[in-house]
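Feature annotations, courtesy of TrEMBL:
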- 1-25: signal peptide (SIGNAL)
- 220-242: transmembrane segment (TRANSMEM)
- 286-311: transmembrane segment (TRANSMEM)
- 323-345: transmembrane segment (TRANSMEM)
- 357-381: transmembrane segment (TRANSMEM)
- 387-409: transmembrane segment (TRANSMEM)
- 444-466: transmembrane segment (TRANSMEM)
- 478-504: transmembrane segment (TRANSMEM)
- 516-535: transmembrane segment (TRANSMEM)
- 555-582: transmembrane segment (TRANSMEM)
Amino acid sequence: MGLGRWTIEVVVLTTVFSSMLPVRADEHDHKYTDKEEVVLWMNTVGPYHNRQETYKYFSLPFCVGTKKTISHYHETLGEALQGVELEFSGLDITFKEEVMQTTYCDIELDKPKRDAFVYAIKNHYWYQMYIDDLPIWGIVGEADENGEDHYLWTYKKLEIGYNGNRIVDVNLTSEGKVKLVPNTRIPMSYSVKWKKSDVKFEDRFDKYLDPSFFQHRIHWFSIFNSFMMVIFLVGLVSMILMRTLRKDYARYSKEEEMDDMDRDLGDEYGWKQVHGDVFRPSSHPLIFSSLVGSGCQIFSVSLIVIILAMIEDLYTERGSMLSTAIFVYAATSPVNGYFGGSLYAKQGGRRWIKQMFIGAFLIPAMVCGTAFFINFIAIYYHASRAIPFGTMVAVCCICFFVILPLNLVGTILGRNLSGQPNFPCRVNAVPRPIPEKKWFMEPAVIVCLGGILPFGSIFIEMYFIFTSFWAYKIYYVYGFMMLVLVILCIVTVCVTIVCTYFLLNAEDYRWQWTSFLSAASTAVYVYMYSFYYYFFKTKMYGLFQTSFYFGYMAVFSTALGIMYLHIIALLLVLIASVVLICKSLWIKMSAK
């Protein structure tokens, strides 16, 4: 079914793009006339504690209603990737037409079917349905106190609220508890009651949000605490750098009052000695440039998607957040090519085509590789998270026919517009030997310590984000996320500048990778926190859920490690280094 829907989109590129855009459901504009068809979609079923381990609703031996045909169906790329498996329930529901309790089918409960239901009940299986894009959750059944007898809920009591010609509320009550006994017939029934509601259509998703959780005082306190950290760090960095520069300026301006020993000491130590090597190309410039370009692109995607989520409430449409992120990522590919290509050219790189390919496919290969690995496990489990072959082909077409050409355009522009080295001083032909330094000045130590403060600034927010990822809560406070994003950028910039200053002051000019990794080490702490969250904050179990969790958390942490804040920090460190070195050279020239 998935392959058939995506065949045209694989052939026609414009259709692929249209499938990526956030679209309305096939309930069209969510407006109904009296007695118009209302579709009840059955989505997935799975264990409550393993949110990502979902299966088709009819993978359990439920029976289908008597109605066989419907007027529409739809699926977007985001839904396909997220494992949405909409199947028609067969229940006949029309707008404002009440249905008394009606039996729509019977389950012939033989032993295999009973065992399937018993297994689902023991593992606390829940199922999800949709009416007019509004999610509904129900539980399959329950066991008695001794766990010996198991009961199935057989009566779905639907209560639908409407405001004018729109559906604004849906509630499900499960009744009709029937004991599971082999070789019996279990009738399944439903009823529909319509009630007038004062809820506005724009506010119908408010009932699914949890303000008491996301707007708790601890959330506000964490933002305030991070803000105070920003003020402290900015003040500290400014004070250190300004005092250092002022002291250097005073030393050179009063050179005539200094004796020879002081003058010699001023030229014999510190970052001023590495001005001829600080602009030396980094080791492995091809990989470094590709990481920088990918980080700039991820930053752009994060910023745009957060702004769109603040404006459009993307959580109200199935798969719209993921579809929007894919579309924005493809559209911002020139950003990747521009920054990665220009930096590679500045460092004297000649294999720019190879750099372009690596930069273009670095993130997609990482995500797709992890997804395909997990996909094999999902196929083994027959889970709905298994990505259809047609969807895989569509994603590959996006990479080759959209991302790669746009990345090529950005690379060409970057190489031609800002790819020429414009360093303020000449780079020494022979690298200067790096003197021995104390252990805490070693790049490895600086890298490990550099990520502690940025992680501390986002520690509380990580809990809320993880809960929205791995629990049944909808993240909607994107204003908080934007504030944390800004705070995280500032904290990381300050920490990276300080780390780079210490490194250069120890006359070690290998600042590019050190500045990058000192901030990127935040991702290591985030991934370590994911272990704590998994074992102490969740009740997940099983191979599928474990591999899904740690696989995608590795992708999330890696993307965070090369994201916007590290690139911004890297660029600001470069600017700060240029300012410091140029001022040092100017002071020397003035003194002579």
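The backbone N, Cα and C atoms fix where each Cβ goes, and this holds for glycine too.
Unlike curated records, TrEMBL annotations are generated automatically.
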So, taking each listed stretch (387-409, 444-466, 478-504) in turn and counting its Cβ pairs to the transmembrane segment (220-242) that are under 8 angstroms, which one gives the highest count?
478-504
Do any residues of this chain, six or more beyond the ends of the transmembrane segment (516-535), have a C-beta under 8 angstroms from a C-beta of it, and if so which?
288, 291-292, 443, 446-452, 454-455, 458-459, 462-463, 466, 470, 492, 495-496, 499-500, 546, 549-550, 553-554, 556-558, 560-562, 565-566, 569-570
Ranking 286-311, 387-409, 478-504 by Cβ pairs under 8 Å to the transmembrane segment (323-345), which is first?
286-311
Could you give the residue numbers and ranges of same-chain residues that sit at least 6 residues beyond the transmembrane segment (286-311) on either side and whose C-beta is under 8 angstroms from one of its C-beta atoms?
321, 324-325, 328-329, 332-333, 335-341, 343-344, 347, 349, 351, 354-355, 358-359, 362-363, 478-479, 481-482, 485, 512-513, 516, 559, 562-568, 570
